[in-house]
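In TrEMBL this protein carries:
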BINDING   Tyr10, Ala41, Leu42, Glu43, Ala65, Val66, Ile67, Asn98  5-amino-6-(D-ribitylamino)uracil binding site
BINDING   Glu70, Thr71, Arg112  (2S)-2-hydroxy-3-oxobutyl phosphate binding site
ACT_SITE  His73  active site, proton donor
Amino acid sequence: MNIGIVLAPYYKHIIDGLYEGATRYLSAKGIDFQYFEVAGALEIPLACQMLAKTEQFDGLIALGAVIRGETAHFDYVCAESARGLMEVSLQHNIPIGNGILTVENESQALARSSEDESMGKHNKGNEAAHAVVSLLELKKTLQR
Ligand SMILES: Nc1c(NC[C@H](O)[C@H](O)[C@H](O)CO)[nH]c(=O)[nH]c1=O
Ligand SMILES: CC(=O)[C@@H](O)COP(=O)(O)O
């Protein structure tokens, strides 16, 4: 099993936490992974489509953090990155875990990308990795 991780280090310290959460989950299950960087969350869907077309990955994980600013740009970045991921996943029949945070402020982002469980919220990178693996396990069951 080979997982492609597409990450957008717009906020590097936050993405590092998401990446740690995702890769700890994959490593604990003995699953191989490779990562690829893009500029921001809006570029993640096309990168996922590029990887899906290689047919070298069983699943993909998208890691990003979108924090609301002063304008409506937040709404478009969140909506279009999520829509793009769903479109690629369904069109290419490839499981994609959406670990793109869409939050109001940095505090909310840190709470969802921390390695310290005492921060209260789950690590969304870990959650995205679990989501992909669970879909791949379902796929394996159906192929029996
Ligand atoms: N504001 C955030 C962005 N904005 C950049 C876009 O994702 C994109 O790179 C740009 O519009 C050029 O196409 N990206 C994030 O990942 N997080 C943000 O908070
Ligand atoms: C969420 C974003 O897109 C970020 O760039 C916010 O920028 P702005 O303050 O110009 O809305």
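Note: Cβ is positioned from N, Cα and C throughout, glycine not excepted.
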Annotated binding-site residues Tyr10, Ala41, Leu42, Glu70, Asn98, filtered by Cβ under 6 Å to ligand 1: Tyr10, Ala41, Leu42
Which of Thr71, Asn98, the listed binding-site residues, has fewest other Cβ atoms within 10 Å: Thr71
Annotated recorded positions Glu43, Val66, Glu70, Thr71, His73, filtered by Cβ under 6 Å to ligand 2: Val66, Glu70, Thr71, His73
Max CA-CA distance, Å, over listed (2S)-2-hydroxy-3-oxobutyl phosphate-binding residues Glu70, Thr71, Arg112: 23
Listed binding-site residues (Ala41, Leu42, Ala65, Val66, Ile67), ranked by Cβ neighbours within 10 Å, top entry: Ala65
Of the recorded positions listed as Glu70, Thr71, His73, Arg112, the one whose CA lies nearest the CA of Ala41 (5-amino-6-(D-ribitylamino)uracil binding site): His73
Conformational class of Thr71 ((2S)-2-hydroxy-3-oxobutyl phosphate binding site) under the three-state DSSP mapping: coil
Neighbouring C-beta atoms (10 Å sphere around the C-beta of Glu43 (5-amino-6-(D-ribitylamino)uracil binding site)): 17
Listed recorded positions (His73, Arg112), ranked by Cβ neighbours within 10 Å, top entry: Arg112
Cα-Cα distance, maximum over Tyr10, Ala41, Leu42, Glu43, Ala65, Val66, Ile67, Asn98, record's 5-amino-6-(D-ribitylamino)uracil binders, Å: 16
Secondary-structure category, per DSSP, in which Val66 (5-amino-6-(D-ribitylamino)uracil binding site) falls: strand
Spatial separation of Leu42 (5-amino-6-(D-ribitylamino)uracil binding site) from Thr71 ((2S)-2-hydroxy-3-oxobutyl phosphate binding site) - C-alpha basis, Å: 16
Arg112 ((2S)-2-hydroxy-3-oxobutyl phosphate binding site): nearby recorded positions from Leu42, Glu43, Val66, His73, Asn98, Cα cut-off 10 Å: none
